[in-house]
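Written out below as structure tokens is the structure these notes cover.
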Amino acid sequence: MTDAPNLKGFDARLREEAAEEPTLEIPEQPPTKKTQIIAIYGKGGSGKSFTLANLSHMMAEMGKRVLLIGCDPKSDTTSLLFGGKNCPTIIETATKKKLAGEEVKVGDVCFKSGGVFAMELGGPEVGRGCGGRGIIHGFELLEKLGFHDWDFDFVLLDFLGDVVCGGFGLPIARDMAQKVIVIGSNDLQSLYVANNVCNAVEYFRKLGGNVGVAGIVINKDDGTGEAQAFAREVGIPILAAIPADEELRRKSAAYQIVGSHATPWGKLFEELAGNVADAPPLRPRPLSPDALLALFETDEETRVVDLVPATDEDLRGSNAAPKKSLEVIYDDV
């Protein structure tokens, strides 16, 4: 029988951790080489890992030096490159090495496949710690490994777009990336996340930031056109439209790379690689919630919904019977 965890003061410890200021420092000196650092955001399940693994593989085939970093706590960004095998994460490895009194080496966390260099930042276990702070800590460890001295043409960062805390917004908030790419489909949920990312970019542009949105990759495109309409309204280009193809789905499920000149989809990913490299960072025009919903309106008459305020009696239900007053009433004398 295992001992029950000690939760005394757990809430206070979490608050203290959240209140700490990140220590990650961004070098202020001019870069010595032109490396494109690109942050890719999208809703969970939108196909970020599939798109990035195949994009990075195609870039490597085209002679580019590419580093793919998974910044999603699921730590599955790079698994497609390694036939389904998960890389040991930077945070997990650093913890084990620290307990053993050893230093983390590049070879412990960075691995090669098809010419692509790949690693996973990782994150805390479920219910233990903050995923955003895990991202910050992971980049601090990358700094110690010499991240800014590495020689790459492209560094691709895969970020979860559903979470809005500061750690996941680090590339936007601190100008760590030159540009952002969003992944979306023709569904409201994925475009809602893409619009939130555009909102974050616009917010930090107003504060003097330089990061812009280079475009959107439409994944699982079924031809209904909502994602194309979103891109047009927000003012960002479509970098590629990956079709909703059953063969592509099977290849992805079997951890097979399709971003290669040896496959029928090679030309699609070659064009995507060129567009990603050449697309400039743009200032988006994020949509209001109503404008986003309007993209999905049909030709039928728009349904008008009134917001009816609830009352205290509504919320109490069967307990809403009037209570007897405790007021003392005196007889007239």
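Any Cβ shown, glycine's included, is placed from N, Cα and C.
Annotated region 'Disordered' per Swiss-Prot: 1-22, in sequence order.
GLY45 (ATP binding site) carries neither a helix nor a strand DSSP state and counts as coil. What Swiss-Prot records for GLY45, SER46, GLY47, LYS48, SER49, PHE50, LYS74, ASN219, LYS220 is ATP binding site.
The Cβ of SER49 (ATP binding site) has 25 other Cβ atoms within 10 Å, all protein chains considered. As annotated by Swiss-Prot, Mg(2+) binding site applies to SER49, with the evidence given as similarity to another entry.
Taken from Swiss-Prot, the feature [4Fe-4S] cluster binding site covers CYS130, CYS165, and the record attributes it to similarity to another entry.
In this structure the residues listed as binding ATP are GLY45, SER46, GLY47, LYS48, SER49, PHE50, LYS74, ASN219, LYS220; their two most distant Cα atoms lie 21 Å apart. In sequence order, GLY44, LEU160 make up the list of same-chain residues 6 or more apart from LYS74 (ATP binding site) whose Cβ falls under 8 Å from its Cβ. DSSP classifies LYS220 (ATP binding site) as strand under the three-state reduction.
Other Cβ atoms within 10 Å of the Cβ of GLY47 (ATP binding site), summed over all protein chains shown, number 22.
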